[in-house]
């Protein structure tokens, strides 16, 4: 007889929470940067939480990882050399490999995230075994200041703009990014839930607009992220135009989404003003 | 000292729930058709729940009501005579009035919903005081069989396809609808959460495809509905084409959304195959 049910709840505010029934808690660790919890849930498979917020689940990680990699992929020249800042689970690198990217540098600040992904999310983190992927455990802000490399795409796959990721939403950081993009290169960042975190989106969009010539925000629906609606913002020193190349389909992304995700609801447009 | 917190939870499955902290429960009533609960929540204002599922909240009702009325409004001839089946809160009728609709017939099966809306949601239900709106408390399925009227738009603003609303997703019902649409008239129905209720969307889309010449599904983001992503499906005996008329903006809807909401994620397209 089972008397006790275990639930993991993410609080979206003091007054609202989404709760997942869990079979088991697999891990809880406080690292130098953050608290990491891992649950085996009934509906979404394994779920990785950082500082109490869902980062990825086995069932719906595809939306976030497809959207942060595949959308910018089809703009401007075909990218071959890509930098990921964050993304220690390997999910963004995995999609870039699927797209045929030649060279990926992945700079993750917290080595624990990488180790946990390798052990508990072997499919998602399989990218780290590929010789095209160079994994660096270190501070992305410091890396971008010091590297002499330039990249065709820089993907900021970070946590929310509180704690270790705060600097990843700053104008100074975007200036450093700009200096390390190729001529028609593109930077993209996750920019939070427009509904619950309009300040994160406004910060990313404003910061990028001060530094880059063109900035575009797009949205996607992610069931396990707050409110279900998520935003991404990409920017370039020149124009951003779709290449004449047929887009691959993922489980979420397709050629319609490549266009449609840029059509924003009125309340999202108002955040960008 | 406050020791007890009160929460209303909607279970999306046995293993997943969204919970709203409530100041007070204002009402709980079992009618001939369904159980209705009303809560005063901290984050979303007053929240109306039917059979345990959120129907509307003060804070985000605009998304659903704009999207079920404004999208079909801008296709084909300008509608002047509109039928709403369901919609006892008055929210759909209110948006139709904003669009300048001449004549609205609103058939709601459960008079309790109307009375609750009048008392607790005076803004949303203000439409019922307008002389252009004729409210009928009765069975929409029976009404559509018996009426001799034809309508430019028929809006099926129902609960989910279990219980009293089940018949509103059937082929027979769509046949009756078709017989009461004007030549280039359009029917639209809410068709559930593509993520958690793919069967509801498949049922609506398949049923309409068997009866109508053209069928289109579109999506919107609604934070208090399961998964955050919601679908609507519209159909007509002829083609459906946008009129040459500048679309008004709502708080969610705008001319971009009028186009972009039809660009569907790959997993949603797969449900429609």
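For all residues, glycine too, the Cβ spot is worked out from N, Cα and C.
Among the features that TrEMBL reports, domain 'PABS' is placed at B:5-237. Summarising the annotation, TrEMBL assigns S-methyl-5'-thioadenosine binding site to B:34, B:108, B:139, B:140, B:164. Taken from TrEMBL, the feature spermidine binding site covers B:65, B:89, B:157, B:158, B:159, B:160. Annotation source TrEMBL lists active site, proton acceptor at B:157.
Features per TrEMBL, on structure.
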{"residue": "B:34", "record": "S-methyl-5'-thioadenosine binding site", "DSSP class": "coil"}
{"residue": "B:65", "record": "spermidine binding site", "DSSP class": "helix"}
{"residue": "B:89", "record": "spermidine binding site", "DSSP class": "coil"}
{"residue": "B:108", "record": "S-methyl-5'-thioadenosine binding site", "DSSP class": "strand"}
{"residue": "B:139", "record": "S-methyl-5'-thioadenosine binding site", "DSSP class": "coil"}
{"residue": "B:157", "record": "spermidine binding site", "DSSP class": "strand"}
Checklist line | Alpha-carbon spacing, residue B:139 (S-methyl-5'-thioadenosine binding site) to residue B:89 (spermidine binding site), which is rounded to whole Å | finding: 16
Checklist line | Neighbour count (Cβ, 10 Å) for residue B:159 (spermidine binding site) | finding: 21
Next item on the list: Please compare the binding-site residues B:108, B:157, B:160 by how many other CB atoms fall within 10 Å of each one's CB, and tell me which has the fewest.
Entry: B:160
Item checked: Whole-number Å value for how far residue B:140 (S-methyl-5'-thioadenosine binding site) lies from residue B:157 (spermidine binding site) (Cα to Cα) -> 11
Next item on the list: Might you list, by sequence position, any residue in that chain lying six or more from residue B:158 (spermidine binding site) with a Cβ less than 8 Å away from its Cβ?
Entry: B:85, B:86, B:165, B:168, B:189, B:190
Next item on the list: Tell me, roughly as an integer, the mean pLDDT over the domain 'PABS' (B:5-237).
Entry: 96
Notebook entry, point to check: Considering only the binding-site residues B:34, B:108, B:140, which residue has the minimal Cα-Cα separation from residue B:89 (spermidine binding site)?
Noted result: B:108
Check: When neighbour density is defined as the number of other C-beta atoms within 10 angstroms of a residue's C-beta, which of the binding-site residues B:89, B:139 has the lowest density?
Finding: B:139
Item checked: Residue from B:65, B:159, B:160 whose C-alpha is spatially nearest that of residue B:108 (S-methyl-5'-thioadenosine binding site), among the binding-site residues -> B:159
Note to self: Taking only same-chain residues 6+ apart in sequence, whose CB is under 8 Å from that of residue B:65 (spermidine binding site), what do you get?
What the structure shows: B:91, B:92, B:94, B:95, B:124
